[in-house]
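Written out below as structure tokens is the structure these notes cover.
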Amino acid sequence: MNLLLYLLLLVPWVLGSEDGCPAKCTCDKKGFTVDCSNAGLTRIPKGISSNVRSLVLRNNRIHTLIKSDLEGFPLLESLVLTHNKIKVVEENILDHLPELKRLSLSHNLLVYIPPLASESRPLASLNLKRNHIQFIDERWLLQYFPELVQIDLSHNRIQSLRTKLFENLPSLTHAHLHANPWNCDCRVTKVKALLRKVEWERKAYCTNPVELRHQAIDEVEESLLKCAKPEEESWTGDEFKLVCTKNASSSRPVVWLYENAEVDSSSLDGYEIHDSVITVPRKTNVNQMTCTYDYEHVPHHRRLRQSHHSNGAPQFTYKPRDNSYREGSEVKVNCEVMGTPKPSITWYHNGVRFASSRKKQLGLSNNVLRIYPFLEEDSGRYTCEAVNSLGKVSHTFSLDLISSIPPNIYEGPQSVSQNIGGEVVFVCKAKGNPTPDYTWSFDGSTIGHIKGRFMVSDDGTELXISNIEKKDEGYYSCMAGNPVGAMSADAKLTVIGGETRKSSTPQIDEELLRAIAQKARQNVESAVEKTRKQLNQDKITNTNDLKRLFRFSTPKQAVELSKAREIYEESVRLVREHVEKGLILNVDELHPNNVSYESVLHVTHVQALMGLSGCHTGQFKNPCTDTCFHNKYRSFDGQCNNKNKPMNGVSLMPLRRLLKPVYENGFNTPVGWEKGKLYNGYPMPNVREVSRQLVATETITPHRKLSSMVMQWGQFVDHDLTHTVTALSRHSYATGAFCNRTCDNLDPCFNIPLSPSDPRVISESAKYPCIEFERSAAVCGSGETSLVFNRVTYREQMNALTSFLDASNVYGSNEVQAQELRDTYNNNGQLRYDITSAAGKEYLPFEKDSNMDCRRNFSEENPIRCFLAGDLRANEQLALAATHTIFVREHNRIAKKLKKMNGNWDGEVIYHETRKIIGAMMQHITFKHWLPVVFGGQEQMDKFVGKYQGYDPAIDSSVTNAFATAAFRFGHTIINPTLFRLGNDFMSIKQGHIALHKAFFTPELVLTEGGIDPLLRGLFASPLKHPMPTQLLNMELIEKLFMKGHEVSLDLAVMNIQRSRDHGLPSYTEYRQFCNLPVPARWEDMKGYIKDDMIIQKLRGLYGVPQNIDLWVGGIVEEKLENGLFGPTFACIIGEQFRKMRDGDRFWYEKDGVFTPEQMKEIKKVTLARLLCDNGDEIDRIQKDVFMYPGKEKENYGRCEDTEMMDLKAWSKCCDDVCPTMLDRILRSRHRGSRLHGCNQNGLWRPEGAKWIPPNEYCTEEAVFGAPPKKTVLTTEVHSSQRNSVLY
């Protein structure tokens, strides 16, 4: 909540019915303040009083801001347009607002900022945070704002700012520039100087170049902020031609500077730019010319002056320029036109019209031309022509070919002998165009620029090794590579003295290398020629042909000359082209090691190929050498749990398969990708129709025995075990279109079409006729990226979490995340928090620019930040956030007691011992209390999970794809449509219960509507939804899922079914066969597993045959186990997962030696009821088993003092043997504080950004909701120069 909203709260309101107050707006009596927030407006409304001083238009759908909408407001001082969809702002928009002092355009879609005024204006505060801004031109933006005090450009896409942007701003005291991908070259020197003069909220960090990444701009040495001096290539007559040698890749656009100001070829006479070459007048002082490059292409908005355009003939808004590209590269050209009626665009190459094809693809209404690969025959003159009924325009430009030369090493490293303790320098120099990059490796392992005693020079040409040891003896390889090839050279280091180092792998001498190369040439040259002919003639008909092509795209000279880039591009192109043509790959032939490069390519060169491609296998491998620590405690990412196979169960690794995947092409495309394809004679049904006809229910039946806590604990456990990583982009890789604006299957978009009879289409609530869906990200090494792992494999998906039940949802799945959650101010081993409840108990800390999933429901009036937790989904719904809060409180409660009992323990020991106890609590509650309930009894659980027989290191605990994507999602069938909120009297609180869709991503309601107690009581004192086959998912999940965050609300059933197809899960019947269950061949056979004939008829109408039923659908409709919540198929998959998760965990709480017998005795006392009693604010009544529902009357619930409590005395002086490395961990812990995002004034809570009056008040105290302030956590002085500046 910002200053404007706070001020508005101070005055009386009347509804918008009088003159000067538009409909849907609220105004004060004099019309000075007008609030049109949340009104669904698409433009500024008419009828606003000319006396208006403050105009608030937050949370609307305004997409264009034009001057005519702002005429007639001569007294307007504050304009708030946050949370709209503004993409276009007309030039000089403030010319009609002579008194405007505050302008907020945050949380919009702006990419380019035009000139805002043509004459001086008294603007004091400008907020542009959280847009998509990539370019700001100082010549217009800030030229007329001498009174500007504050500017916020944070959370945009700005790489650099022009050098004069902040000149002539004498009043500027606050500039927020963080959360931008800064390119730290000479262009940020002015930014650095500015940051030293003004105040800022958070530091701005470099993103590029790599060697400066994560360094704060204001702390970088100025000598490192470099631009390159160009080389003089030639001069003719009155012109110089200069070449920027810094640009090593055509994918990085060159930026030219003259006298430290960027050169713009569209506005400076006499300059001509072609890629990395600039032609300048001879009178130019070339000593003042420098160059650098952007790391991502800055779009055409960089030099576009946007304006409002009415009906008329076509007019170019962006014209493509002449350019040059390297052979084999991808070319993307934008030609953008506006006009009404909408113009049609036609393309010509050398005067000949062409249509979209695989080689030359046209997208986005023909606005975008893509050419891949760009070859000599593609060069020439291109014309973009736009026509409508009112006229025609055309523009012609050239695309030229740049010659490329593969690297040639002219000075290679020489073998050398050196004494122990000495120093050696290997030199490697190569020529090529583009300039080669260098990669050094030692016995197959890549050497970083600085790695211990190894150091690579800045240009990569030298490798220096100091203080040589015997283990450094071996072969060193230098590979020089550019986009068109690579070459390598090897040298041997012999270390004199000490014992002879035994090589782990046999070494190949020069004679053997020559023999291998000769044989390889004989075998490969003829095979390559043959396969190229097959490629040209489209004769690839089976997997073996494809495998031969993969192998023979390797280089002719296997040792001396390795064209790594050619291998990669040729192979990927081959996969893409022939899979697109319909090639079917047999899974049995593809997995696991059937297409190896190693027979013709040295392992060091394979390593180099992987490095150059940028593709790595998830986690960096921990050597697990810290045996003291790893014997006592878990790592955060799961590594070193299994000493024999340390990557088992680790985060950021592929999900495990129970059955081979089913992809339409056998490789990577999901079932349903190709429209109309038949399976067993029938097309697969539209998943939305399955949801509507079979899964959705408007009525629910309460469970007679179980409480809603069963559902909530299941979700909490799931978020400790599984989180499938989805595609990073919402844009189609092929066309660049947003996934929510296309219904075509274009990676990563796999959207679900809506039928004409769909209620969303009929009601016109769907802006686009499909539900948005992005595919899960593929693990590098599968699908398209598999080639750099020396084999072709089918697509696999990644689990971002550890597969162990280890409380990673409390502590995080990596060490960086864990440090974010710790209180490192005090050496007390506690978790961090920012505010407390009225009972003095901690709430979750607020996130601060983290990766928490927080699609905020910003229609609410209390926009606090989201909570931070070990799992990024903690804000997903209110009851989940309350459960997370319980465990933060329990950790800190235990940590305080351990500290009191063991005064000699430091914070690191307290933290890890407490974390170990919390993990054991989760394991005990899950296996002893929760799993027997969902399986329908201990006997059923023992049948499917089995009893614990001890740790088995041969077991892989990794989560299975079927478990994460289908089986464990049975929990969606037991979710109530309402979150109950009950007070101490077990009646509804005054704010009432809350519909589920209103509980999504609304963490502010935890703080403002009763805290966590009502939510927790609503879980253990309300009945679970019964998962009846005819009542599966409630309508809150089918029609209103995350409806505030999406233009088309999601459908959870649709997500589940589509995700299982995306992951290639086989059908329901195949998993029944895997589980040794009877497999239905006909619909009549289904009656043994599904009792309701109507459900069988619906399945038959949707799927045609039983063999087509999706796993999740079949699993939720089959007959349940007696007293259980799922049927035998899901019981098989879930039981297998929990059994392996337990038996393959070296730190399982029941394993001998993990806890002492005395400690185990106490852990067995743990119940979730006790945790709720200890950590709720005022929970004093509860049933002993919170998963059972005793009824709604208060008398059915016993007192907390009657529940058994764990005695922590068993941990007194238990763990004094501290590992030495734990002291290092304390020192490495990042010292971070907790900033409160708000303040307290006269006992009243003021949210972040609110202005307080009278002047000189300070934000000094923590706000304790529902009680007076408790402690001082923040002091913020308000200087006189700040009082008129506002943070929105």
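Cβ from N, Cα, C; glycine included.
Keep in mind that this is a model prediction, so the values were computed, not measured.
The repeat 'LRR 1' annotation in Swiss-Prot covers 27-49 and rests on sequence analysis. Across the repeat 'LRR 1' (27-49), the prediction's mean pLDDT works out to 89.
The repeat 'LRR 2' annotation in Swiss-Prot covers 50-72, and the record cites sequence analysis as its basis.
Marked as repeat 'LRR 3' by Swiss-Prot on the basis of sequence analysis: 73-96.
For 97-120, the entry in Swiss-Prot reads repeat 'LRR 4', with the evidence type sequence analysis.
Taken from Swiss-Prot, the feature repeat 'LRR 5' applies to 122-143, supported by sequence analysis.
Per Swiss-Prot, the feature repeat 'LRR 6' maps to 145-168; the stated evidence is sequence analysis.
Annotation comment: Swiss-Prot describes 180-228 as domain 'LRRCT'.
Non-local neighbours of the repeat 'LRR 7' (204-227) in the same chain are 159, 177-189, 191-192, 195-196, 246, 257, 290-292, 295, 449; each lies 6+ residues outside the stretch with a CB under 8 Å from one of its CB atoms. The repeat 'LRR 7' feature in Swiss-Prot is assigned to 204-227; the stated evidence is sequence analysis.
The N-linked glycosylation site annotation in Swiss-Prot covers N247 (among others) and is backed by sequence analysis.
The feature region 'Disordered' is assigned by Swiss-Prot to 304-323.
What Swiss-Prot records for 314-400 is domain 'Ig-like C2-type 1'.
The annotation repeat 'LRR 8' is assigned in Swiss-Prot to 356-381.
DSSP states for the repeat 'LRR 9' (387-412), grouped as helix (H, G, I), strand (E, B) and coil, give 0 helix, 21 strand, 5 coil. The annotation repeat 'LRR 9' is assigned in Swiss-Prot to 387-412.
As annotated by Swiss-Prot, N-linked glycosylation site applies to N594 (among others).
Sequence annotations record features per position, and here Swiss-Prot assigns Ca(2+) binding site to D720, T802, F804, D806, S808 based on sequence analysis. With a cut-off of 8 Å between CB atoms and residues at least 6 apart in sequence, the same chain places R634, G638, D720, G919, M922, D1145, F1147 near D806 (Ca(2+) binding site), listed in sequence order. DSSP assigns D806 (Ca(2+) binding site) to coil, not to a helix or a strand.
Residues annotated as N-linked glycosylation site in Swiss-Prot, with sequence analysis given as evidence: N740 (among others).
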Other than D720, T802, F804, D806, S808 themselves, what residues in this chain have Cβ atoms within 8 Å of the centroid of the Ca(2+) site's Cβ atoms? R634, G638, L721, L801, S803, L805, A807, N809, S813, G919
Distant-in-sequence neighbours of the repeat 'LRR 12' (1168-1189), which means Cβ under 8 A and at least six residues beyond its ends: 703-707, 709-710, 713, 837-839, 841, 885-887, 889-890, 893, 921, 925, 929-930, 933, 984, 986, 1011-1013, 1016-1017, 1019-1024, 1196-1200, 1202-1206
Long-range same-chain neighbours of F804 (Ca(2+) binding site), Cβ under 8 Å, sequence gap at least 6? R634, G638, N641, G649, S957, M1141, D1145, F1147
In the chain carrying T802 (Ca(2+) binding site), residues 6 or more apart in sequence that have Cβ under 8 angstroms from it: F636, D637, G638, G649, V650, S651, L721, S808, S813
Other C-beta atoms that fall within 10 angstroms of the C-beta of S808 (Ca(2+) binding site): 29
Mind checking how the domain 'LRRCT' (180-228) divides into helix, strand and coil residues in DSSP? 21 helix, 9 strand, 19 coil
What counts of helix, strand and coil residues does DSSP assign across the repeat 'LRR 6' (145-168)? 0 helix, 3 strand, 21 coil
